[in-house]
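Some notes on the structure that comes next.
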Amino acid sequence: MTTPAPLTGLLPLNPEQLARLQAATTDLTPEQLAWVSGFFWGVLNPRSGAVAVTPAPDGKMPGVTLISASQTGNARRVAEALRDDLLAANLNVTLVNAGDYKFKQIASEKLLVIVTSTQGEGEPPEEAVALHKFLFSKKAPKLENTAFAVFSLGDTSYEFFCQSGKDFDSKLAELGGERLLDRVDADVEYQAAASEWRACVVDVLKSRAPVAVPSQSVATGAVNDIHTSPYTKDAPLTATLSVNQKITGRNSEKDVRHIEIDLGDSGLRYQPGDALGVWYQNDPALVKELVELLWLKGDEPVMVDGKTLPLAEALEWHFELTVNTANIVENYATLTRSESLLPLVGDKAQLQHYAATTPIVDMVRFSPAQLDAQALIDLLRPLTPRLYSIASAQAEVESEVHITVGVVRYDIEGRARAGGASSFLADRVEEEGEVRVFIEHNDNFRLPANPQTPVIMIGPGTGIAPFRAFMQQRAADGAEGKNWLFFGNPHFTEDFLYQVEWQRYVKEGLLSRIDLAWSRDQKEKIYVQDKLREQGAELWRWINDGAHIYVCGDARRMAADVEKALLEVIAEFGGMDLESADEYLSELRVERRYQRDVY
């Protein structure tokens, strides 16, 4: 097991101490790590009465292994809440991130609970990819002695809704596991379903416990003060937008903004690799258009979470208007008896296509109907914050946080449409205006603990963002490890994001190599994956020398194309077939030497 490194400048450990600590804990199981954590806590708190973590006594109910497989933090929050519920019920539980779980020990699990999200085209979260591959490989063991439960989080606006949870649930059963209870698939508004499921899990496990025993377990994983903050997704910090700068050229087809947010004296802290959550306000003009299309005024009272609000205010601040879903289309068609939409009902593929190509306001414009205000509210999904990879390191920018925002803009029959959060930041928040933010920590995208370790960064488009943070941190730490950047975009003159900074890093010697792919500057399109193949021999030398590989950006196409190129490079220059190359890359993932932040 490899524990991701915390920000060295913020901890009382130097890089060498961190490296020794990681080496000492490499072969420990989650239970052993938990015991060590409890032991040292007890050393520091001898009078606290704390109980060190120990295995469940003979004859008692076996401990519950609770695996959190999270992409944006929601699955982690559900898993942490379940852990607290189980501890309160005096049940023995170990919470472990999927990326830290030694999956080859799964055959020895008696009680296994998985909370997982889904990303991309139905793939598991990044931290759970290795576990998923192992379970679906020929090496997967029989699990006749394992009882399990799965909670799956997803988004019905995507075709492969909750696919990761479905995969884990079906495979665990296929391997002989016993279901403790049926899998639950939860949409974006997951809280109520999660609360009910957690209660069911506790009840089922308590019914299996022969004797109530004092709880003796804690969550595993690195403890880091940087995660402790009064500001959360549900209680965000009101910060100040200080800089909004367009960093693509005048003739670029893309509108990309460099956004700087002043955190003031909040004390909010983050690490390179983390994301910034941004709560946004829907465009008042869009709200007005939707309200008028439904022959409403906007001042009608509606109920939102037990409170009465004017319709327009509810739509601006509380509901998703820029992303349509198949469920919304189907429900709107059924509710309004729309002649143009009713033929789509029951046809999942057509509903998905219509939702993906027709925003809510245009659905109403194309299929007008008279709807009362509360019916409209009941049709919509709650507004959720958008996450942006952080493009700065606090070692350099201190009380600021920077993000790189690709503004979503398009036309529907001549009418300008835009993304909710991106247009909010780019167009509607004035400089020195307020924006509500929080940090979403991502321990699955961390710089190596050893500053001598080489780093390979692959980030086309706005995927460049976290690597700006990486380089700022490596510069601040005086890290001597080599750094190699692969970046791509349509045009060199218009789309070279942060060009001056990269050129400075090259000149200073911090950026050892940079390979650039401009897809539209020549007849033949060139992408970052082509550059990977072109530099295959040198790339393999870096990998063979222990380099860590990082990929950030589009999950739907780029990440898959990049992984295919990496596999081909490993196979060709590592002297392997593709199956062996895939196993090799999986090992790199387990060792945290291959990390992705894709969306």
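Each residue, glycine too, has its Cβ placed from N, Cα and C.
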NADP(+) binding, same site as Ser519, Arg520, Lys525, Ile526, Tyr527, Val528, Gln529 - Swiss-Prot member from Asp495, Asp554, Asp561: Asp561
For the binding-site residues Asp155, Asp561, the one whose C-beta sees the most other C-beta atoms within 10 angstroms: Asp155
Shortest C-alpha distance to Gly73 (FMN binding site) - which of the binding-site residues Gly406, Ala421, Val528: Ala421
Top Cα neighbour of Tyr388 (FAD binding site) in the set of binding-site residues Ser70, Ser117, Asp155, Tyr158, Gln529: Ser70
Nearest of the binding-site residues (Phe161, Ile526, Gln529) to Thr322 (FAD binding site), judged by Cα-Cα distance: Phe161
Tally of residues which DSSP labels helix, strand or coil - the domain 'Flavodoxin-like' (64-202): 58 helix, 31 strand, 50 coil
Ala421 (FAD binding site), number of other Cβ atoms within 10 Å: 25
Secondary structure of Gly419 (FAD binding site) (DSSP, helix/strand/coil): coil
Where Val528 (NADP(+) binding site) falls in three-state DSSP terms: helix
